[in-house]
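Q: Okay, so Swiss-Prot annotates it like this:
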- THR10, PHE11, HIS18, GLY90, LEU91, ARG92, GLU100, TYR125, SER126, PHE127, LEU128, SER129, SER130, SER131: ATP binding site (BINDING)
- THR10, LYS42, LEU75, ARG89: substrate binding site (BINDING)
- HIS18: site 'Transition state stabilizer' (SITE)
Amino acid sequence: MTKTGVYPGTFDPITNGHLDVIKRALKIFDELIVAVAMSSYKKTPIFTVEERVHFIAQTTKDLKNLKVEVFDGLLVNFIKEKKAVAIVRGLRAVSDYEFELQLAHANRRLFRDIETVFLMPSEEYSFLSSSLVKEIAYFGGSVKSLVPPIVEKALRNKFKK
């Protein structure tokens, strides 16, 4: 039986921290699905879902046993459809843990058979978030060491002044 993990997020945009989690999750699961959320009730993404999928697909094209798919609605419904055994989440700090623990409990309540696997980022990415990347790029700072080259270029174009 193939053990499939799902790494969900908006990935707006994907960062080197996300890539770190993806590569490490692939060591645990037979297959990993990067599940790109179509939309979020929290905020409007700066990149379309198609752009976000493209960025992820391009930066992970050399990784085996990885799929990039879009989902909309409840994550647990996507998990059931894909017959996945676990949700993969990155934890940077205690504040992440509190929020992620609530999500894990809610997902477990909705689908009793799902597990959540928390992965700590490599130390160099422990501060990194998509929001931080967007803010730095918006104000003209360099995000070269924080995101893949395709994303850096897209951010520069998006925030040209």
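Cβ atoms are placed via backbone N, Cα and C, with glycine included.
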Q: Hey, does DSSP put ARG89 (substrate binding site) in a helix, a strand, or just coil?
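A: Strand, per DSSP.
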Q: Just to verify a number: CA distance, GLU100 (ATP binding site) to ARG89 (substrate binding site), in angstrom, no decimals.
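A: Spelling it out, the Cα of GLU100 (ATP binding site) and the Cα of ARG89 (substrate binding site) are 8 Å apart.
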Q: Across all chains shown, how many C-beta atoms besides its own are within 10 angstroms of the C-beta of ARG89 (substrate binding site)?
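A: Other Cβ atoms found within 10 Å: 22.
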Q: Fewest other Cβ atoms within 10 Å: which of the binding-site residues THR10, SER126, SER130 wins that one? Let me know.
A: SER126
Q: Which one is it: of the binding-site residues THR10, HIS18, LEU91, SER126, SER130, whose Cα lies the shortest distance from the Cα of LEU75 (substrate binding site)?
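A: If we rank THR10, HIS18, LEU91, SER126, SER130 by Cα distance to LEU75 (substrate binding site), first place goes to THR10.
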Q: What number of additional C-beta atoms lies within 10 angstroms of the C-beta atom of GLU100 (ATP binding site)?
A: 17
Q: Of LEU75, LEU91, LEU128, the binding-site residues given in the record, which has the fewest other CB atoms within 10 A of its CB?
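A: With the binding-site residues LEU75, LEU91, LEU128, fewest surrounding Cβ atoms within 10 Å: LEU91.
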